[in-house]
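Colleague: Structure provided below as C-alpha cells; questions to follow.
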Amino acid sequence: MAGILAWFWNERFWLPHNVTWADLQSTEEAAFPQAEDLYLAFPLAFCIFMIRLLFERFVAKPCALGLKVQANGPQKAQPNAILEKVFTAITKHPDEKRLEGLSKQLDWDVRSIQRWFRQRRNQEKPSTLTKFCESMWRFTFYLYIFTYGVRFLKKTPWLWNTRQCWNGYPYQPLMPDLHYYYIVELSFYWSLMFSQFIDIKRKDFGIMFTHHIVAVTLISFSYVTNLTRVGTLTLCLHDVADIVLEAAKMANYCKCQKLSDLLFLTFAVVFIVSRLGIYPLWILNTTFFELYEALGNFPALWIFNMLLVILQILNCFWSYLIIKTAYKAISKGKVAKDDRSDIESSSDEEETVPRSKTLNSTITTNGTSGANGTNGYLTGGTCSEEH
C-alpha cells in the first residue's frame with residue numbers, strides 16, 4: 001500500500017520541477033491546501049443535503065403554495081391488476097400487438113389501454129410543486145455561493161489580472177475564505193452527484209452525471225495542486241448562468257409565461273457569453289498559455305487542462321441546445337420547450353400511433369422531449385409537459 005501511495009503521489013507528476021510535498025506542508029506562518037482537507041466535503045455534503053430537505057419543506061413549499069403552484073400530481077390510472085402486471089413486469093410501452101391482445105382480454109378499446117399506460121407512466125412524474133421546490137433550492141444556493149464568490153474575488157488581484165494566478169506558484173498561502181469557498185462548492189457537487197439518483201429524472205442524466213464527475217475531479221485536482229486561484233474564477237463564472245436558469249424555471253412553474261420566456265432568453269445570453277466567450281478567452285487562455293510561460297511544463301498541467309477542455313465540450317453541447325430553444329422562442333414568439341431535460345424521462349406522449357412513429361413528432365408537439373443543471377434547462381408554456 002505504501003508503494004502504491006508513493007507512486008500515486010509522485011512529485012514529478014503533481015508538482016513543478018524542484019518542488020516537493022514537504023515544501024507545501026502547512027506551518028504556523030502559512031497554510032497550504034492538503035489532500036486530507038477534501039475529506040471534509042463528505043460530511044458537509046450530507047449536511048447540505050439535509051439543509052436542502054428542510055429548506056424545500058419549510059421554505060420552498062410554503063412559497064410555492066403562496067404562489068399557487070399546482071400541488072397535485074398527474075391523474076392516476078384506475079386500478080387494473082392485469083394492466084398493472086404488464087406495466088411492472090413486462091413493459092411500460094406496449095407495442096401494437098400487445099395492445100391488441102390486451103384489448104381482447106379486457107374488452108377495452110386500444111385507445112383506452114393506451115391512455116391507461118400513459119396515465120400510469122405519468123403517475124411516476126413529480127408534481128409541479130416538487131419541481132418548484134427543487135428549483136428554488138438550487139436558485140438559493142447558486143445565488144448565495146455566487147454572491148460569496150464575487151465578494152471574495154473582487155478583493156483579489158487575479159480577478160483583474162489572470163497572470164496573478166501564477167505569481168509565486170505553488171507557494172501561495174491558502175486563505176480561509178478561499179478554503180471555505182472551495183470546500184462548500186465541492187460538497188455541493190458531491191451532494192448533487194448522489195441526489196441525482198433520487199431527484200427528478202431527466203433525459204440528460206448521463207451527461208449531467210459526467211458533468212458532476214468532471215466538476216468534482218477538477219475541484220479536487222486543482223485544490224491538491226494549489227491551482228485554486230484559477231479554480232475560483234472557473235467556479236464563479238459557471239455559477240452565474242444557473243441563477244437565471246432556476247429563476248426561469250420557477251417562473252414557468254408559477255405559469256408566469258412572459259417572465260419565464262424573458263428569463264430564459266436572458267439565461268441563454270448569459271450562458272453563451274460566459275461559457276463560450278469568457279471561459280475560453282479568460283480561463284483556458286491563462287491555463288494553456290500564461291501558466292506555461294510562468295512555470296513551464298509538468299504532467300499535472302496536462303490533466304488539468306484536459307479536464308477544463310472536457311468541461312468546455314459539455315458547455316458547447318448545452319449551448320447548441322440552448323440556441324435551438326432560443327431560436328424557436330424568437331421564431332414562434334415564446335419558448336415552446338427546452339431540448340434538455342426539465343421533463344423527466346418517464347413521461348411520454350400520448351401514443352395514438354406506435355411509439356417508433358412518434359419520436360420525431362414530439363420535438364414540435366405537445367410531447368416530452370424536454371431539456372440543468374446544471375439542472376435541466378427551462379421548459380416553458382403549455383408545450384412543456386404531457387397532459
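Sequential numbering from 1, following the chain as shown.
For all residues, glycine too, the Cβ spot is worked out from N, Cα and C.
Quick paste of what TrEMBL says about this protein:
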type	residues	note
TRANSMEM	38-55	transmembrane segment
DOMAIN	83-127	domain 'Homeobox'
DNA_BIND	85-128	DNA-binding region
DOMAIN	130-331	domain 'TLC'
TRANSMEM	179-198	transmembrane segment
TRANSMEM	205-224	transmembrane segment
TRANSMEM	262-282	transmembrane segment
TRANSMEM	302-323	transmembrane segment
REGION	341-387	region 'Disordered'
COMPBIAS	358-376	compositional bias 'Low complexity'
Colleague: Which numbers of helix, strand and coil residues does DSSP report for the DNA-binding region (85-128)?
Modeller: 30 helix, 0 strand, 14 coil
Colleague: Does the transmembrane segment (302-323) reach the transmembrane segment (38-55) with at least 3 CB pairs under 8 A, where each pair is 6 or more residues apart?
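Modeller: In this chain the transmembrane segment (302-323) does not contact the transmembrane segment (38-55) - fewer than 3 Cβ pairs sit under 8 Å.
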Colleague: Sequence-remote contacts (6 or more beyond its ends) of the transmembrane segment (179-198), Cβ cut-off under 8 Å?
Modeller: 31, 33, 37-38, 40-42, 44-49, 52, 141, 145, 148-149, 152, 205, 208-209, 212-213, 215-216, 219-220, 223, 228, 231-232, 235
Colleague: Checking distant contacts: for the transmembrane segment (38-55), what same-chain residues at least six beyond its ends satisfy Cβ-Cβ under 8 A?
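Modeller: Distant Cβ neighbours of the transmembrane segment (38-55) are 136-137, 140-141, 183-184, 186-188, 190-191, 194-195, 220, 223-224.
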Colleague: Take the transmembrane segment (205-224) and find every residue of the same chain, 6 or more past its ends, with a Cβ under 8 Å from one of its Cβ atoms.
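Modeller: The answer is 14, 33, 35, 37-38, 182, 185-186, 189-190, 192-193, 196, 230-231, 234-235, 300, 303-304, 307-308, 310-311, 314, 317, 341, 345, 372-375.
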